[in-house]
Amino acid sequence: MEFNSEFLATLCARGYLHQLTDATALDGIMSSGAVTAYIGFDCTANSLHIGSLMQIMLLRYLQRFGHKPIVLLGGATTKVGDPSGKEKTRAMLSEDNISANKEGILRVIKKFLSEDVVVVDNAEWLGNYGYLDFLREIGSKFSVNVMLGLESVKSRLSRDQQLSFLEFSYVLLQSYDFVELHKRYGCILQIGGSDQWGNIVSGIDLARKMGCPQLYGVTTPLLLNSSGAKMGKTADGAIWLDETLYSPYNYWQYFRNVPDQDVGRLLRLFTELPLSEIERLEALKGEELNEAKKILATAVTSICHGAEVALQVENQALKVFEHNDHDELRSITFSRKTLGQGIPISKLLHMWGLEESISAGRRLIRGGGCKINGGVVLDEEKLLNCGDFDDNGGYVAVFCGKKRRLKVVLED
């Protein structure tokens, strides 16, 4: 359908929209005035990664179009653990861990949003809610028959995977969050990933049973690449939005190196470039598409880390990859004593984090994919010794494939 609301029309045009409840009614409300909406983040890590970037972009669009976003931090629900999309029970976190994670997540979110965003912790109302009172007042309004049909529950049980009562009850807590946010802030819209659909609909149903007016829900699609795999992680781990956990340089490189087929979609999702410009960029072919990837990488990095940092890392990357400036390579030090009489390059690639195993290093060398100081390594048993460093000014430049590059400086 065509939306009158700028917010929903943008979601539809840029590929954010997966499911929504009562589209016509929600569109009418959002096109006639400001709406309060919330997105929740449990505090399971001390940062968010790009798997949460769609939700963060929607918070930005809510602000842009004059609506009122609420960021809900799960200080209480983190203690329980959402089973949605998980194959096993999450590890229990201590109060100190949750508190530290909450601070880290908040620090990330504030980079993306203006200062007037409302931030709330559901521990404010769930933390002191008595167990028996909660069961009587909230639990009585849920049907176990319906709960067993939730995808988060059904998928675990169908695979004969353990689901604790703690996780089973998570939907009650998230549902009550929606009710409480409506009471306190007049919130009528909850936004989440597609795995949150069951929890969102349950919250709408609970609100109706507790006498609230009609509430609404919107979900975004899973973040998948063109081959159908989840995006958000590399061999080195998650693509964190905190610069201390994942450098702006690596962040830029990640988006610069996405598959050709993903460029247009990621430009729509993670940049604020006009759609007409995105259509022009995604129509580029061959080598020209690399320019679109650079624009994508710089635009995404600018939103996360700031325009000045984005320009710096773009220039740094271009010096390394297009002008072979070794001074701009990521640098590590390596002990002369450790190197001794020489170590096989295949082993060093693993030690330096460039390959996941020694055998992977050997395969790379056999395929001609490893260069040391510009020369292709042909012998998978070749040793690297101190002379290789001394003959090159005290360092070696290691290139693995097209993307992994490292400057290793020898120290006494």
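Just so it is clear, glycine is given a Cβ too, placed from its N, Cα and C backbone atoms.
According to Swiss-Prot, the feature L-tyrosine binding site maps to Tyr38, Tyr170, Gln174. Neighbour list (Gln174 (L-tyrosine binding site), Cβ cut-off 8 Å, at least 6 residues apart, same chain): Gly40, Thr77, Asp82, Gln196, Asn199, Ser202, Gly203.
If you look up Swiss-Prot, you'll see Lys233 marked as ATP binding site, on the strength of sequence analysis.
Within the domain 'S4 RNA-binding' (343-409), the DSSP-based counts of helix, strand and coil residues read 21 helix, 21 strand, 25 coil. Per Swiss-Prot, domain 'S4 RNA-binding' is recorded for 343-409, and the stated evidence type is sequence analysis.
Per-residue pLDDT, averaged across the motif ''HIGH' region' (43-52), gives 94. Under the heading motif ''HIGH' region', Swiss-Prot lists 43-52.
Positions annotated as motif ''KMSKS' region' by Swiss-Prot: 230-234.
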